[in-house]
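Visitor: In case it helps, TrEMBL gives these features for our protein:
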| type | residues | note |
| --- | --- | --- |
| REGION | 1-49 | region 'Disordered' |
| COMPBIAS | 1-13 | compositional bias 'Polar residues' |
| COMPBIAS | 22-31 | compositional bias 'Polar residues' |
| COMPBIAS | 32-47 | compositional bias 'Basic and acidic residues' |
| REPEAT | 120-162 | repeat 'WD' |
| REGION | 190-218 | region 'Disordered' |
| COMPBIAS | 199-217 | compositional bias 'Acidic residues' |
| REPEAT | 231-272 | repeat 'WD' |
| REPEAT | 273-314 | repeat 'WD' |
| REPEAT | 317-357 | repeat 'WD' |
Amino acid sequence: MPTESASCSTARQAKQKRKSHSLSIRRTNSSEQERTGLPRDMLEGQDSKLPSSVRSTLLELFGQIEREFENLYIENLESSHSTSQLSQKLKTTYKASTSKIVSSFKTTTSRAACQLVKEYIGHRDGIWDVSVARTQPVVLGTASADHTALLWSIETGKCLVKYAGHVGSASGDQTAHIWRYAVQLPTPQPVADTSQISGEDEVECSDKDEPDLDGDVSSDCPTIRVPLTSLKSHQGVVIAADWLVGGKQAVTASWDRTANLYDVETSELVHSLTGHDQELTHCCTHPTQRLVVTSSRDTTFRLWDFRDPSIHSVNVFQGHTDTVTSAVFTVGDNVVSGSDDRTVKVWDLKNMRSPIATIRTDSAINRINVCVGQKIIALPHDNRQVRLFDMSGVRLARLPRSSRQGHRRMVCCSAWSEDHPVCNLFTCGFDRQAIGWNINIPALLQEK
């Protein structure tokens, strides 16, 4: 009888080891199935603080995980793949499945705490900026590339005043206008229930799915064409403006790489803030102090200090690798900056060397806004999403976006109105609409 070669003997031993390991896996998998394969009614009958809809979703997700593991197990029995390959597949499946569970709960929380309340439709081109009046009457303001600025009733969505004094797109005529308005707020109507819509699965929308939003504002909306004051010192597009504390001075930011500080009563230029190497993108003033922050395409933002009349200091913040799209003041001595490099950074004005928190996202970030009272940052993105984070960088929610609601193109700006009972967050974008949201902040912070 022929003698068995050493190579054949080695191969047979390896095969026996694989068989033994497969049997071990079979026994382990069987015991796992016994544990996870409990009757569904037994799991549903157990005492749980979870809502029934959430519990049902969780059971379904675990069922999917069980089926995926079962398919991998069968594949292992029928193939000659090594144990290491199986282990890697199990790890990949585990990560994907658990990530799916976490994402599911995040989406459920977002839908419950973030509700679309009102859409403000009337502009005929993209909306660059949105803001809420700081004094009574509290109205919503939007500025668009259609050469107009509109004031809206927050509760009814009705246009109250139309300003059409600019020659170019928004402030493309290189000027900033100050104008006075008087409005009569309409009687609020009952707000439609959006809970059913927000419960739908989110689906992506192409531009072909975008509804016609060309509906012009009502013909009875008064139009203002002549400004009270025109500020003329820039040599490029005026991209942003804000009031300095006290209301007697205003600051503007331009593509001519400068920011200008004006005396509102005389329209005279008080200071020209130079130093940025490229076009400015935004400017913001401190709510209680004579401080101004400007951001630029040169990847920096600058802090200008006018508290001492004899000294006008400037500090440069470097930390982004692309255009800084906005920088805003928040509580205490903090500034939050957003950038096209897909990050948001929180800075302490007393330590300019490095940020105290960094938020990394998957899309460029436009004009951010901070809910000062609750320390929540609203991030509008190029990819049509709006996300909410706290000041330490923890993600709280993503605003619902589906075929029926949410923005359908790039979201340009966000603005909080913390004390408003109906809408406490507003967003606007290139889809020519502004949206009012009701954010249940206590519910978000509770899930943190």
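Note: Cβ is positioned from N, Cα and C throughout, glycine not excepted.
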Visitor: With helix taken as DSSP H, G or I, strand as E or B and everything else coil, how many residues of the repeat 'WD' (120-162) land in each class?
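Guide: Looking at the repeat 'WD' (120-162) with DSSP, the answer is 0 helix, 21 strand, 22 coil.
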Visitor: Within the repeat 'WD' (273-314), how many residues are helix, strand or coil going by DSSP?
Guide: 0 helix, 26 strand, 16 coil
Visitor: Helix, strand, coil: count each for the residues of the repeat 'WD' (317-357), based on DSSP.
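Guide: Looking at the repeat 'WD' (317-357) with DSSP, the answer is 0 helix, 22 strand, 19 coil.
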